[in-house]
Amino acid sequence: MFREGIRTPEGKRKQSPISWGYCLLGVALFWSLTGIGLARRNHVPILDPDTRYFRSVFGQASLVVFLLVSASQLLAYYGMVGISIMAGFIAGYFTWASALFNGQEPFPLLPPSHAFMALATIFLGTMLFLCVRTASGEEQKSLWGYNIFLRILISIMAGIGLILVFKQPALGGLHPIDLLIYDGRVHHDSWLSQARGSKNLAGAVQEYRRRYNQHPPPGFDKWYEYATKRSSVIIDDFDQIYEDLLPFRALPPERLRSLTHEIATNPFNDVGAIAIRNGSVNLQVEIKPTHRWMVEGAAKVIEPFSQYLPDMDLVFNLNDEPRVAVPWGKAAQLKSQGKYQSFITESNLVKEWSADRDAGWGPLDPADQTGFSMFTDFSWQNVYDRYASVVCPPSSKAQTQRIWDRHGICLSCIRPHSMGQFPVSWNIASDICHQPDLIWLHGFMLSPASLKVSQDLAPVFSQSKISGFNDILFPSPWNYVDKVKYEPSKEFPDPKYMDKENTLFWIGSTSEGVSRKGEWKGMPRQRLTHLVNNNTNQVSVLLPSQDPDTYSYQIMPGNAPVEKLGLSANIHLSDVVRCDDCGEQLDEMHTAEQVEFQSHWNYRYLVDLDGAGFSGRFLPFLRSNSVPMRTGLFRQWLDSRITSWLHYVPLDLRLHDVWSTLAYFAGVNVSVTDPVTGKEKVWMEPHDLQGKWIAEEGRKWANKALRKEDMEIYFFRLLLEWGRLTDDKRDVLGFKM
């Protein structure tokens, strides 16, 4: 066909492949020069190749060249209309199939009836075109076989499409949030039953051995007494501690101690240290003054139980961002080595810490003893490729895919953690490994304000981290010393849920990352503000459909949720900081006057967003009578013991679910005609009972499992485990009755 396609049936010469080649080279040259110009203007290094980017470019370029060359040969026979019809079929079919495939049961992105009509339209249109060509005699006899082949191929594709349509569930009679709330309650009840199963010390010891294939550390009886006297509802499930410390078990105790000393005694590392000697807690003298409160706060958490701890030194991260990003292969090897250990018989256990532990730790002062650092300063740069994606498995999407289109939502990225628009679980939604589009969606990925990071395992205690990082989580001093506190008063009361304003509320500064060349457009704080106040793109809102007791996604203008549906959202920036392009942000979004923190309690729905690290507001929000609506990537110690859709409402980091979530809880007080009775009714009734229930469950659980006493209990157990890891006798060290 390539040879025949150079001339028309009448023998007239068409554009030759060589002419097409010159055209394509001209287009390539134009866009190459344009790209170089844009890169220079934005100070982007031109010779800094990303092999994944070039693979994507090569793949797309090959596809485009193939399609253009094919079109150039077919144009003489099918004309522009025919080529357009076939190209439209291919584009429409695969876009349609992607939407069906990436839908989540039982709430598809496309209703089955709409999906069938779309398939029927593109199938019949293309088949009609091919049949008419043959019937009218336009088709050359030499191409009849090709025409028949196309009909068979399109019919097969339509058959596959019908299978996809029939597999799509009908529109659910329940709203997906109804199911998610139910699942959240069931999941938490199941988790809690195993987290607090032990009724006495012997039972706790036995459960510890079963879970972790080792004996508890020395002092476990003191920890158990401490926990039970303070009415801890969690006795058995401290899997977060086990997972955090597992790779460190591959390093010998002397190496852990020397690493601690090296990190603590170089001011470049931005850490502060604590020395525990003979039950006393002593702070390093030369800690950065602006952050000394953090280490003092950690010391306050430790002091109530320090008498039961062995001598040790601890290094605390003073920055908001996490610090330890060991590549997946290396981390997996360390974890495998950590798991490989024989179970010591009880008769061979040693119950007492080594007597000379103090001698194993180097002096913490002066703080500038070490002239080298294992950390690299990577602040103000996109960290995704070098430090974030590498903590994921080689087969993960984070390692194998890149999303270059920033304008649309990556459906395959949200599918693993979503039911329709809504995150099934915050812990899954904050996992970076199946979401390559996060490279453009968070300040930490785009341009962290302060990132000094190591790809070698480092014993650093941090208040939060993203999935895959190897920092050791500990309860945040920010919450323990009440930097931000839930403290309602007569001036700022916390009304009952039903007495609050039916409004979504957030106000804060742009502290998430540094924006110099438009990076702010990907940061959630700015994106949320833009979405609510001046969004010009269309949005999708899940609302009751015309069919009784069913829901469907309604596409509407960006301002329609407020102006048409009457939803209330009070979202504003209080200050624009950490930017070279501050003026651009102010022109787009403006700012509002900062408010007293305690005034948050006036609103039913409180949005919680990451800052440069975790949000310090989340725990006070949980303790209130409001519903926290949370999105972000940073995980804290408490995330292992709270449940989304039971204690708070998760939001996807892309924020495409904000209006649907608000519509569910707040209701849509707009009159529509009931298709059955013909009478006027409210489009969507508010789900007040569900909202009130989540607010109450979150409040009760925070007052039961997230108290200051619970922070102490968690830290006590963590430091007993750390004490054993740094003891020269750790392989035989353990508690026995």
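Here the Cβ of each residue, glycine as well, is placed from N, Cα and C on the backbone.
Residues annotated as domain 'Glycosyl transferase CAP10' in TrEMBL: 434-729.
Residues or ranges marked as transmembrane segment in TrEMBL: 20-40 (among others).
Summarising the annotation, TrEMBL assigns transmembrane segment to 52-69 (among others).
If you look up TrEMBL, you'll see 76-96 (among others) marked as transmembrane segment.
For 116-136 (among others), the entry in TrEMBL reads transmembrane segment.
Per TrEMBL, transmembrane segment is recorded for 148-166 (among others). Residues 86, 89, 93, 96-97, 100-101, 112, 115-116, 119, 123, 126-127, 130-131 of the same chain lie 6 or more positions beyond the ends of the transmembrane segment (148-166) yet place their CB under 8 Å from a CB of it.
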- Note on the structure: Residues outside the transmembrane segment (116-136) whose C-beta sits under 8 Å from one of its C-beta atoms, at least 6 past its ends, are 78, 82, 85-86, 88-89, 92-93, 96, 110, 144, 147, 150-151, 154-155, 158, 161-162, 165
- Message: Please compute the mean pLDDT of the model over the domain 'Glycosyl transferase CAP10' (434-729).
- Response: 96
